[in-house]
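Trainee: Supplied in structure tokens, the structure appears directly below.
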Amino acid sequence: MHFSKKCSVFKVVLSALLIVALLQLLYLSFLSKLHGKQQRYKYSELFGSKKNANQGEKNPRREHLRYSLSTGGIFDGSGQYRVYKNLIKSDFSTNQKPGADPRSHHLALATHTTINNLHHLESLLERWKNPISVAIFANGEDVKFATAIIYALSLFCPQVQALVDFHLVCHSGEMATFPDQDREHFVGLQEMGCPAVFAKLESHRDKYKNYAIGSNVSYPNNLLRNVARGGTDAAYILVIDIDMIPSANLHHQFVTMLMKREPAADEVLVLPAFEIRHIRKMPASKPELVQLYQVGEVRPFYDELCSRCQAPTNYSLWVNLASKSSGPLEVSYTINWVDPWEPFYIGARSVPLYDESFRQYGFNRISQACELHIAGYRFSVVSNAFLLHKGFKVQGEFHSRKDEENRKNRILFRSFKESLKAKYPTSPRRC
């Protein structure tokens, strides 16, 4: 009898525990469904679902993205790449009046990148604070991620929304699609905002080395430069790599200079390019830069890899020139182009485009500088502005096929120089 009572009590306790466990499971299931419903609701707010497509106020940014993607983009001249121009437009570009004088939009910055380097946009925009046109190359699964992250940047980052135009380039056999099903890319972003989007980009920075995107995948750097250039209506454009930063107030200095004099039709304004150790804070002015230059923390761009490629800039002369950090840009001296100089410059939008047959590593920028020279341009070096590359360029950091690509593009460059003779038959200049 005593044993029977014990057994009954045990059954009651066990039953109670089972009921409690079952209730906990039901509660957790309910919470999970509720969380999923909340996430779906938040996601539908971002991208819109078929159910709520006609309800409430439309998101013009989302609708523009949908339209841009629905066009399927356009093929480049080679037919190997698909280009989505103005995938997302900035508020600045959207508010530009059709037919407005391009001089009212004086200077824009054009740049190019893959997803693994797009995180540099944050510091670039923080320094530049003016219109930027960004051409992004994506391959494979990155096409879907790039589309999603571009939209997130434009949605959650006010400065990006205000000033950055995005263009997307992928292989012709791939297509960008609206990120309806990509919830995993956006979990938590709405609550945490812009810092979370750039943190997500940071997690992709080591996905692959520059130019080592995948087997049989060529980074079309000159196509991207042209897409970024063509994506702005500015009268003048500065084309740089996304891991470079201009000196502070460059845009204001240039606009102030225009009040006194415009560059001649055959003139580009060269910005001396430097590179700095990763651990250093980025100098904003020439005095700050020169101080670091004198102690070896800053050196000419490509100093270790190809000192001849930037030597014509005449860094020793430039460093010792007295100049004002504020006020208009000042032209200090003019240089005739010599091989193999690869200057970075501010040029009119009429400057010849980059030759898009150059891809991967080698001769992609020098080919365009060579054409400027043959076309009769002069290179005027400014004394109070500069560009800075993040980190020293060293031999060991490059991908394994760099030398092979360089040899291939050297052969292409020889052919390109011959074609310039036919394009500019009356020019006495040669590269």
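Including glycine, each Cβ sits where the backbone N, Cα and C put it.
Not my notes, these are from Swiss-Prot:
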BINDING   Asp241, Asp243  Mn(2+) binding site
CARBOHYD  Asn216  N-linked glycosylation site
CARBOHYD  Asn314  N-linked glycosylation site
TOPO_DOM  1-11  topological domain 'Cytoplasmic'
TOPO_DOM  33-431  topological domain 'Lumenal'
TRANSMEM  12-32  transmembrane segment
Trainee: Which chain-mates of Asn314 (N-linked glycosylation site) that are at least 6 residues away have a CB under 8 A from its CB, listed by sequence?
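Mentor: Set apart from Asn314 (N-linked glycosylation site) by at least 6 residues yet with Cβ under 8 Å, we have Tyr333, Ile335, Val381.
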Trainee: Round to the nearest Å and give the CA-to-CA distance linking Asp243 (Mn(2+) binding site) with Asn216 (N-linked glycosylation site).
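Mentor: One finds 25 Å between the Cα atoms of these residues.
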Trainee: What is the number of other Cβ atoms found within 10 Å of the Cβ of Asp243 (Mn(2+) binding site)?
Mentor: 18
Trainee: What is the number of other Cβ atoms found within 10 Å of the Cβ of Asn216 (N-linked glycosylation site)?
Mentor: 6
Trainee: In the three-state scheme derived from DSSP, which category covers Asp241 (Mn(2+) binding site)?
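Mentor: The three-state answer is coil.
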Trainee: Would you mind giving the whole-number mean pLDDT across the topological domain 'Cytoplasmic' (1-11)?
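Mentor: Averaged over the topological domain 'Cytoplasmic' (1-11), the predicted model reaches a pLDDT of 55.
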Trainee: Just counting, how many other CB atoms are there within 10 A of the CB of Asp241 (Mn(2+) binding site)?
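Mentor: 19, counting other Cβ atoms within 10 Å of Asp241 (Mn(2+) binding site).
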Trainee: Work out how many Å separate Asn216 (N-linked glycosylation site) and Asp241 (Mn(2+) binding site) at their Cα atoms, rounded off.
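Mentor: Cα-Cα, rounded: 23 Å.
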Trainee: Tell me the coarse DSSP state (helix, strand, coil) of Asn314 (N-linked glycosylation site).
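Mentor: Going by the DSSP assignment, Asn314 (N-linked glycosylation site) belongs to neither helix nor strand, so it counts as coil.
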